[in-house]
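Visitor: Just dropping this structure here.
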Amino acid sequence: MALNLRKNHQILKIINDALIDLPAPSNISTWWNFGSLLGICLITQIVTGLLLAMHYTADTSLAFSSVAHMCRDVQFGWLIRNLHANGASFFFICIYLHIGRGLYYGSYLNKETWNVGVLLLLALMATAFVGYVLPWGQMSFWGATVITNLFSAIPYIGQTLVEWAWGGFSVDNPTLTRFFALHFLLPFVIVGLTLVHLTFLHETGSNNPLGIPSDCDKIPFHPYYTIKDILGFVLMLSLLVSLALFAPNLLGDPENFTPANPLVTPPHIKPEWYFLFAYAILRSIPNKLGGVLALAASILVLFLTPLLHTSKLRSMTFRPLSQILFWTLVANVLILTWVGSQPVEHPFIIIGQLASFTYFTIILILFPLAAALENKLLKL
């Protein structure tokens, strides 16, 4: 009998084991679609980004006009740019939902997969930040200035570190050039990390909504979940194309239509919407170093979640107290996002401080306490 090429060819075998014959739990819901959606986001961003890089000029005197030229003179350049800019927003929507799913269903107990996932989030945030600087508009320039300046809060080496990152004494041409180089490089780092993420995931297999082992009831990934994923792709890409065609500037800052000017500071310097929650945490602490530490902690706290799991049940499906806390945390992050977009004045300052305090309290204190209490109530 002839060998089945799909199952025996060195390379096809890897693809087969990851996407076709992969044993998957029979009951995973739509919340498990976001991993593949993130893969589609990554591919879309790399393809559109490559096409944009072919027309972009990484020079302070030409960057802004090269982006304008792309939108005016390049065939479908406006579409490619709008897809790329809004694709970033969809990337973050998907990753935040993906992380939320992981927190709710206890997926973080696959420790290696989770930790690589947090590294992926950090890499994505770095990529988005350096990418936002490239059009060299007002918010690009001042965003870069404000965020890179945070490193100067590091004791002793801070100022040297910032000037080394800038390549001079302010954000200027060398900064733009290196940010373009980093923005080109980092997505490929993300691809590499994604493969590591999947390798670790396929060691243990997917979690499921019940949070119980599903070895006794597995189904092949293809055709069941390939079809389910394709439905997700169609829905997400429809939304992305609709946003890029009907409201391409909805999520952008009007300030970025003005070329960068080091002599004029915009009235409200704020990042893109997907960083606002972290920006609100940064601003809520009146000390520079303290703010930077809180900003870092807001993301790095995710590394601690596997260590803070005190429940005897993996998922929150049967844990009503933890569910209430989880949805409170979601509402809290939305409040932080809103506060981050507001000016630094009363009452936003105190709201931001309370929301920042609540964010860390829920994750570090209330989640473990509620889980321990549920163990008692359920006599586990």
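We number each residue from 1, going along the chain as drawn.
Placement of Cβ uses the backbone N, Cα and C atoms for every residue, glycine included.
Not my notes, these are from Swiss-Prot:
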BINDING   H84, H183  heme b b562 binding site
BINDING   H98, H197  heme b b566 binding site
BINDING   H202  ubiquinone binding site
TRANSMEM  34-54  transmembrane segment
TRANSMEM  78-99  transmembrane segment
TRANSMEM  114-134  transmembrane segment
TRANSMEM  179-199  transmembrane segment
TRANSMEM  227-247  transmembrane segment
TRANSMEM  289-309  transmembrane segment
TRANSMEM  321-341  transmembrane segment
TRANSMEM  348-368  transmembrane segment
Visitor: Using Cβ atoms only, which residues of the same chain lie under 8 Å from H197 (heme b b566 binding site) while being at least 6 residues apart in sequence?
Guide: T113, V116, G117, L120
Visitor: Name the range, of those listed as 78-99, 114-134, 179-199, 321-341, 348-368, that has the largest tally of Cβ pairs under 8 Å with the transmembrane segment (289-309).
Guide: 348-368
Visitor: Pop the Cα-Cα gap between H202 (ubiquinone binding site) and H183 (heme b b562 binding site) into the table, whole Å please.
Guide: 29
Visitor: Find, for the listed binding-site residues H84, H98, H183, H202, the residue with the lowest Cβ contact count at a 10 Å cut-off, counting only other Cβ atoms.
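Guide: Least crowded of the binding-site residues H84, H98, H183, H202, by Cβ count within 10 Å, is H202.
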Visitor: Taking pairs 6 or more apart in sequence, does the count of Cβ pairs under 8 Å between the transmembrane segment (179-199) and the transmembrane segment (348-368) hit 3 or more?
Guide: no
Visitor: Cα-Cα, whole number of Å: the residue listed as 'ubiquinone binding site' versus H98 (heme b b566 binding site)?
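Guide: Computed Cα spacing between the residue listed as 'ubiquinone binding site' and H98 (heme b b566 binding site) is 17 Å.
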Visitor: Do any residues, 6 or more residues outside the transmembrane segment (78-99), come within under 8 Å Cβ-to-Cβ of it, and if so which ones?
Guide: 31, 34-35, 37-38, 41-42, 44-45, 48-49, 51-52, 67, 70-72, 117, 120-121, 124, 128, 131, 236, 239-241, 243-245, 248, 251-252, 272-274, 302
Visitor: Using Cα coordinates, what distance in whole Å links H84 (heme b b562 binding site) and H98 (heme b b566 binding site)?
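Guide: Distance (Cα to Cα, whole Å): 21 Å.
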Visitor: Do any residues of this chain, six or more beyond the ends of the transmembrane segment (348-368), have a C-beta under 8 angstroms from a C-beta of it, and if so which?
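Guide: Answer is 280-281, 283-285, 294, 297-298, 301, 304-305, 308-310, 322, 325, 328-329, 332-333, 335-336, 339-340, 342.
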